[in-house]
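Annotated features in Swiss-Prot:
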type     : residues               : note
DISULFID : Cys1-Cys11             : disulfide bond
DISULFID : Cys93-Cys98            : disulfide bond
CARBOHYD : Asn142                 : N-linked glycosylation site
REGION   : 185-560                : region 'Unit H'
BINDING  : His230, His249, His258 : Cu cation A binding site
DISULFID : Cys236-Cys246          : disulfide bond
CARBOHYD : Asn240                 : N-linked glycosylation site
DISULFID : Cys348-Cys415          : disulfide bond
BINDING  : His358, His362, His389 : Cu cation B binding site
DISULFID : Cys476-Cys482          : disulfide bond
Amino acid sequence: CPTPDAPQYACCLHGMPTFRESNPNPATRAVSTPNKLFDFKSLGYNYDNLDFHGMDTAHLEAAIKKQKQKDRVFAGFLLHGIKTSADVHLKVCNAADCHEAGVVFVLGARTEMPWHFDRNYKMDITDVLHEMHIPMEALFENDSKIHLEVEIQSVDGAILDSHSLPTPSLIYAPAKGLVSQHIEDHDTETLIRKNVNSLSPSEIKNLRDALVAVQADKSGNGYQKIASYHGMPLSCHYPNGTAFACCQHGMVTFPHWHRLYMKQMEDAMKAKGAKIGIPYWDWTTTFSHLPFLVTEPKNNPFHHGYIDVADTKTTRNPRPQLFDDPEQGDQSFFYRQIAFALEQRDFCDFEIQFEMGHNAIHSWVGGSSPYGMSTLHYTSYDPLFYLHHSNTDRIWAIWQALQKYRGLPYNSANCEINKLKKPMMPFSSDDNPNEVTKAHSTGTKHLNKIQEKDRVFAGFLLRAIGQSADVNFDICRKDGECKFGGTFCVLGGQHEMAWAFDRLFLYDISRTLLQLRLDAHDDFDVKVTIMGIDGKSLPTTLLPPPTILFKPGTGTQLTR
């Protein structure tokens, strides 16, 4: 699949190769191109509901619209692959006074496919600017000293070059008005994915029995083969023969590839007797422990997986911030991340916010474990991966329902169109026994309160850094007082495909600015640190310095 511009990266640029070649599942092989995957119901599954924190589609859209009725500032990041996973620590700076504004986690590995976003990933830094007493007007002054700085740290703790990613920019988003919409009902399908915490004892037993059988299956529909699609052993190859991980992340086809991947595993379990779909773990709600389905140690195939290629078991080493909100907000860290993603009205803008929100679960569940969720190469061997991605896919389905309610496109994308029409490996492979996935292997109250306020975001431009890492950042006043601004996770590995977002990942630093008695008019700094999953600091140059973006609230008047 060579191209004139990047022959060595043909698999990434032209589809999802892992699901096309040597795929024993004809269902996933038949639908292995992204543009066939917008309609998840065509794959034969549905969710028990698409509510978000008790809000149906109509109420969720109303809450989002209210949130957008204020001016906001974002840090805009143009992200791309940096060959490793890393944390990008953002700082908002007013001259030399820098304050932590948040952290972005980039998922990647040395052998990843090249990727980049074609628009900004946005991080809300409105609150950080407020806390730093920086007026919005200051953002537009010719001699403004307001800027963003980042420190990039890989998962092994090494500090990466801060110029590994473009310097984030400040983005101003004015308040939006309200538009009346209608609700459209949807039919349900027989195969239902349920909340993991609502499963009955008989459903738990049924799922465990099915997974035991899949794990014992050594064929192309078995656990080891399907798990290998995501990372090790490497299944995709450049034209020169170099192998790389087939997982697509940091690119527009991330949701499509993983939707098909979930279908592949779900069909394997269904073939072994599963009566319901893979349950979803709704990590946007506050939780203090992992789901019981995966923590019960006895006679439980969901407790861990075995990795034949490494001759070891998967392990988990949860970080404290998984259960204790690092930002100490009113709602959970994950709720805030996904709520902002759902605000987006364009698929390409939604995708980056959505993907980065999902990354933190990988990093904070796996922690420093070399064979766990935080590693791109082995994450898919942990059964918890599939509960996590069932919820990730459900969030995409929620956004699609919102788009239909808004009267906006919900099953198409206008960025990187070429990728949406190319087969995704290994689903499109002639060896894929799953005809469904083969056919779809191409692709064309708290919330209201938040939305009433001005917001400031730190924007990070993310790309592959070759490993997984946590990105943390502080917001600092010019007098030296600093407070934690935020954290996010970069998922990656040595063999990941090259990737880079072409837009900024946005992180809300409004609350931190308020804590520091600052606003958008004040001078402040953003100090970023990046730490790998092994605890080693990474150079901040792995990622460009973040930019600050302001989103004014309802009625905010801004003169330039």
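Heads up, residue numbers simply count up from 1 along the chain you see.
Cβ atoms here come from the backbone N, Cα and C positions, even for glycine.
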Return the member of His230, His249, His258, His362, His389 nearest to Cys98 (disulfide bond) in space, with distance defined Cα to Cα and candidates limited to these binding-site residues.
His362
Please tell me which one of the disulfide-bonded residues listed here (Cys93, Cys246, Cys482) sits closest to Asn240 (N-linked glycosylation site), measuring Cα to Cα?
Cys246
Rank the disulfide-bonded residues Cys93, Cys98, Cys246, Cys476, Cys482 by the number of other Cβ atoms within 10 Å of each Cβ, and give the residue at the low end.
Cys482
Apart from His230, His249, His258, which residues in this chain have a Cβ no more than 8 Å from the mean position of the Cβ atoms of those residues at the Cu cation A site?
Cys247, Gln248, Phe254, Trp257, Tyr261, Ser380, His389
For Cys482 (disulfide bond), identify the closest of the binding-site residues His258, His358, His389, judging by Cα separation.
His358
Identify all same-chain residues not among His358, His362, His389 whose C-beta atom falls within 8 angstroms of the centroid of the Cu cation B site's C-beta atoms; report them in sequence order.
His258, Asn359, Ile361, Met373, Thr379, Phe385, His388, Thr392, Leu491
Work out how many Å separate Cys93 (disulfide bond) and His230 (Cu cation A binding site) at their Cα atoms, rounded off.
39
Check the Cα-Cα distances from Cys236 (disulfide bond) to the recorded positions His249, His389, Cys476 and tell me which is shortest.
His249
Tell me the Cβ contacts of His249 (Cu cation A binding site) under 8 Å, same chain only and six or more apart in sequence, or just say none.
Leu107, Gly108, Glu112, Trp115, Glu355, Leu376, Leu491, Glu496, Met497, Trp499
Name the one residue among His230, His258, Cys348, His362 whose Cα is closest in three-dimensional space to that of Cys476 (disulfide bond); these are the recorded positions.
His362
Work through the disulfide-bonded residues one by one (Cys236, Cys348) and point out the residue whose CB has the fewest other CB atoms within 10 angstroms.
Cys348
